[in-house]
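The Zn(2+) 1 binding site annotation in Swiss-Prot covers His192, Asp211, Asp277, and the record cites similarity to another entry as its basis. Under the heading Zn(2+) 2 binding site, Swiss-Prot lists Asp211, Glu250, His359, citing similarity to another entry as support. The disulfide bond feature in Swiss-Prot is assigned to Cys326-Cys330. As annotated by Swiss-Prot, N-linked glycosylation site applies to Asn111, Asn184, Asn304. Positions annotated as signal peptide by Swiss-Prot: 1-18.
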Amino acid sequence: MKISNASLLALLLPAASARFVEQAEQNRVMLFPDGIPEEPKSTTKYHIELSPGDTRWVTEDEKWELRRNGQRFFDITDHAELGTFNKRPYKKSVFPKKPTQKKDLEPLLKNLSKTEMEDHLTTFTSFHTRYYKSESGRQSSEWLLKQVRDTIKAAGADDTVTARHFEHAWGQNSIIATIPGKTNATVVIGAHQDSINLWLPSVLAAPGADDDGSGTVTILEAFRVLLQSEDIIKGNHENTIEFHWYSAEEGGLLGSQAIFTTYEKARRDVKAMLQQDMTGFVSRTLQAGEVESVGVIVDYVDPNLTDFIKKIIVEYCDIPYVETKCGYACSDHASASKAGYPSAFVIESAFEYSDNHIHTTDDLIKYLSFDHMLQHARMTLAFAYELAFADFAKLEKGHGDL
């Protein structure tokens, strides 16, 4: 069956544009007179894991078809060994019984800025796509690294705090910013920087405002304000804090798998990992008559870390949380979990009310709430600061209420 350009666009573009496409169909307007741009074809096979032990080999087109149907997965083609290097006996994760740093955090929380997040997100979404194999995806990563380094320099922290690319073969690199503490015990805050249009990833625009531009700028803002603490930039805190911006999450958690494979091989002591993926969309929650809240993922996460994050939300956020589920391999925290590290994930809402514009040309800033993103930034900043000063050695020995 031959399909016209206009008919194909009706499938590719947001529903809001469908009326224009229908009119073009009636008038036989050729929107692509030279033909629909073709996605580069590849016969390469990729090994994916859809659930524990459920693997198959697929083409790249089949990967995107699975994603369009809502199926998430690890692409384990190059990372089949993730989770096999850490042979230490299982040790139950332990976290503080309650938040203890509110006095020091209160002045910092007041410095979080919606304007900073909006300015960064406006530029970040101006790249045609942040698809991890694209040139604009590479450029967006370079731009983001510069913002992170500029943030460090503006804080006067460039003698101690570092930011670097974690390089990948596909061109768009992940980014790791490190705030050294007194010990090598590490707390990780993550988001993914790439975007995708699941119809023609190499061709169509993917502004990715919510997925995951919102998470990217949310943790960048938490990072900026965290560096306003003299104790933090002087390294007076116990634990090393890392902020990660992962490449190629949309391709099957590729960037985070590469990083956590390296960490697992090196026996890095990661105490906690929190992922922020989609932090700005609340419309469907409110339309359903539900209370604005943040969504705490409760499947395929560390329950003790998740309970601690709930306490952080209650203590430091102005809105409540709701428990929700997102399935296997639904974001980069899954890579940390697979490596044996306690991980957690907080999203913008109950999963069923999350943003329905993602992976299209219509994932735009106009649908987002920066007030809601501010709540995620408050949680992220408080999480980082509280665990920066946690004495995990004492906690793991069962001493004290730290």
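Heads up, the Cβ atoms here are built off N, Cα and C, so glycines get one too.
Here the features listed in Swiss-Prot are placed on the structure.
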residue	record	DSSP class
Asn111	N-linked glycosylation site	coil
Asn184	N-linked glycosylation site	coil
His192	Zn(2+) 1 binding site	strand
Asp211	Zn(2+) 1 binding site	helix
Glu250	Zn(2+) 2 binding site	coil
Asp277	Zn(2+) 1 binding site	coil
Asn304	N-linked glycosylation site	helix
Cys326	disulfide bond	coil
His359	Zn(2+) 2 binding site	coil
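Separating the Cα atoms of Asp277 (Zn(2+) 1 binding site) and Cys330 (disulfide bond) is a whole-number distance of 10 Å. Taking Cβ-Cβ distances under 8 Å and a sequence separation of 6 or more, the neighbours of Asp211 (Zn(2+) 1 binding site) in its chain are Ser195, Asp277, Met278, Asp355, Ile358, His359, Asp363. With respect to their backbone Cα atoms, His192 (Zn(2+) 1 binding site) and Cys330 (disulfide bond) stand 12 Å from each other.
Sitting within 8 Å of the Cβ centre of Asp211, Glu250, His359, and not among those site residues for Zn(2+) 2, are the Cβ atoms of Arg67, Asp194, Ser195, Ile196, Leu198, Ala206, Gly208, Asp212, Ile358, Asp363. In the structure shown, the C-beta of His192 has more C-beta neighbours within 10 angstroms than that of any other entry among the binding-site residues His192, His359. The number of other Cβ atoms within 10 Å of the Cβ belonging to Asn184 (N-linked glycosylation site), over all protein chains shown, comes to 11. Close to the recorded Zn(2+) 1 site, the chain also has Ala191, Gly208, Asp212, Gly215, Thr216, Glu249, Glu250, Met278, Ser331, Asp332: residues not among His192, Asp211, Asp277 whose Cβ is within 8 Å of the site's Cβ mean position. In this structure, the C-alpha atom of Cys326 (disulfide bond) lies 32 angstrom from that of Asn111 (N-linked glycosylation site). Its own atom aside, the Cβ of Cys330 (disulfide bond) has 20 Cβ atoms within 10 angstroms in the protein chains shown. Spatially, by CA atoms, the recorded positions Glu250, Asn304, Cys330 include one closest to Asn184 (N-linked glycosylation site), and that is Asn304. Less than 8 angstroms from the CB of Asn111 (N-linked glycosylation site) sit Val225, Gln228, each of them six or more residues away in the same chain. In this view, Glu250 (Zn(2+) 2 binding site) is surrounded by 27 other Cβ atoms within 10 Å of its Cβ, with every protein chain counted.
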